[in-house]
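Notes follow the structure.
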Amino acid sequence: MEQLTISPFTRPASGTVSLPGSKSITNRALILAALSRESLTLEGALFSEDTEIMISALKALGFTLSPDPAGNSIFIVGRGGYILGRDIEINVGNAGTAARFLTAMLALKPRASFRLDGSEAMRKRPMKGLLDVLTHNGAIVPEFSGEPGFFPFEIKTRGLFGGTLSVDASASSQILSALLMVAPLAGGPTTVELTGETVSRPFIDMTLTMMAQFGTEPKSVEHGRYHFAGEHSYYCARPAYVIEPDATAASYFMALPWVTGGSLRLQRMGNICLQGDIGFTEVMAALGMDSQTEDEDLVVSPKSAPAGDIPASFDFNAISDTFLTLAAISPLLEKPITITGIAHTRKQETDRVHAMATELRKLGQRVAETEDSLTITPDLAALKAATATAPVAIDTYHDHRVAMSFGILGCRNLHGDGRPWITINDPGCCAKTFPRFFEVLNDLRPS
Ligand SMILES: O=C(O)C1=C[C@@H](OP(=O)(O)O)[C@@H](O)[C@H](O)C1
Ligand SMILES: C=C(OP(=O)(O)O)C(=O)O
């Protein structure tokens with residue numbers, strides 16, 4: 001297995017970070033463009049495993065896409081969602097967005113058959129809420145090769161009829177986002193209603209805002225019920241759609257100057273409109289970091305005034321992809337913190353709550369784990385002792401965010417002599433959303 005030993009920063013971080021495009025926006029824009037009746041160029045798109053999976057799947061479904069990785073753009077010809085072919089195999093890898101959004105889109109096609117599978121981790125991730133509602137609607141007839149409700153499966157599709165789609169999206173907001181995006185193309189008036197709560201709320205707002213940007217909105221919304229008139233398509237009466245840089249990826253560089261000192265300019269992060277994860281700036285503000293918008297950029301640096309008391313508890317339910325960033329740097333805090341609202345992340349790339357607890361314990365930290373929370377009691381002396389003789393190898397569990405967040409922690413000059421103390425196992429897993437992460441990180445090291 002490949003390993004990367006992190007060299008600590010012996011001087012404060014400085015420089016400008018150009019972040020890749022947002023994964024969530026790129027994969028939504030690809031679906032919405034395919035569902036629209038026009039051609040469109042996506043600018044500032046992300047090129048990574050998760051978006052390559054979406055691009056390949058749409059190509060397999062007969063859509064014309066011309067990706068230009070060097071120019072970060074993708075030209076796509078929409079066909080009102082019309083899928084060519086009736087017997088197609090798709091592998092969604094470990095891309096949650098592709099898994100949920102594509103499955104819902106396939107259900108629109110009458111009289112076809114699709115075989116879907118994903119990575120080993122994806123075979124354990126929640127799909128049941130989505131498959132159940134599509135089955136009850138008569139849109140699909142699923143057949144499972146393994147455990148019912150999970151990949152791999154085959155779906156015979158009948159087309160999405162109108163009516164009421166009651167959905168359980170408690171395990172993943174992507175299930176609700178998927179249904180919302182396809183509901184306007186159902187055969188008749190459609191109501192999407194949530195049977196309970198959902199997690200990661202800002203991603204639902206992202207979906208609804210992007211649907212509106214592509215020309216289609218619910219006719220009305222009331223108490224978690226979204227009404228659509230039916231028989232619509234998306235219209236994107238513009239030649240280009242510009243994708244925001246990825247706010248979750250930015251969380252690592254909001255944390256870096258806290259770990260190393262210094263100041264960073266995050267390009268085009270100054271006016272993020274669609275991504276709730278920009279709220280991580282508030283977490284870092286509580287830790288004593290300042291973020292100022294300058295032109296379109298965000299400049300992050302330690303506050304000049306001393307930080308007040310850090311809150312004892314942070315609720316990450318709305319921005320859970322960023323909880324790993326805070327958890328990884330928590331050994332450098334002065335007081336214990338509790339991170340709550342993260343039970344659903346146990347069913348993501350890996351069991352993230354358990355993975356973070358396990359790796360922090362390897363670093364000598366005291367960690368208490370509940371179903372929905374982590375309490376980390378920082379211990380700097382134990383951190384130094386655990387890493388005194390050789391770097392500790394952090395296991396990453398095929399989870400890009402475990403790799404990237406501990407990569408940031410390893411930048412602290414912990415032993416004062418520039419000696420490396422953290423090794424990241426399988427650093428290549430960051431290719432899911434940020435293939436060049438460790439190169440970008442290295443470029444911020446003053447020479
Ligand atoms: O809709 C989206 O683009 C996402 C929603 C969230 O998933 P869950 O709703 O499963 O938490 C988030 O964790 C994921 O990275 C992206
Ligand atoms: C949870 C994540 O991804 P996915 O889109 O596969 O759910 C993530 O990127 O942190």
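Count begins at 1; order follows the chain as displayed.
Each residue, glycine too, has its Cβ placed from N, Cα and C.
What you are looking at is a predicted structure, and each value in this text was computed from that prediction instead of being measured.
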According to TrEMBL, K23, R125, Q174, R352, R401, K432 bind phosphoenolpyruvate; so which of G96, G146, G149, G196 is the extra one listed there?
G96
Given the model, what does the mean pLDDT over the domain 'Enolpyruvate transferase' (12-441) come out as?
96
Out of K23, R125, Q174, S200, D321, R401, which recorded positions lie by ligand 1, with a C-beta less than 6 Å from some atom of it?
Q174, S200, D321
Name the one residue among K23, S173, S200, D321, Q348 whose Cα is closest in three-dimensional space to that of G96 (phosphoenolpyruvate binding site); these are the recorded positions.
Q348
For 3-phosphoshikimate, with binding residues K23, S24, R28, S172, S173, Q174, S200, D321, Q348 per the record, max Cα distance (Å, no decimals) returned as 19
Going by C-beta under 8 A and a gap of 6 or more residues, the same-chain neighbours of D321 (active site, proton acceptor) are T248, S251, D277, R401
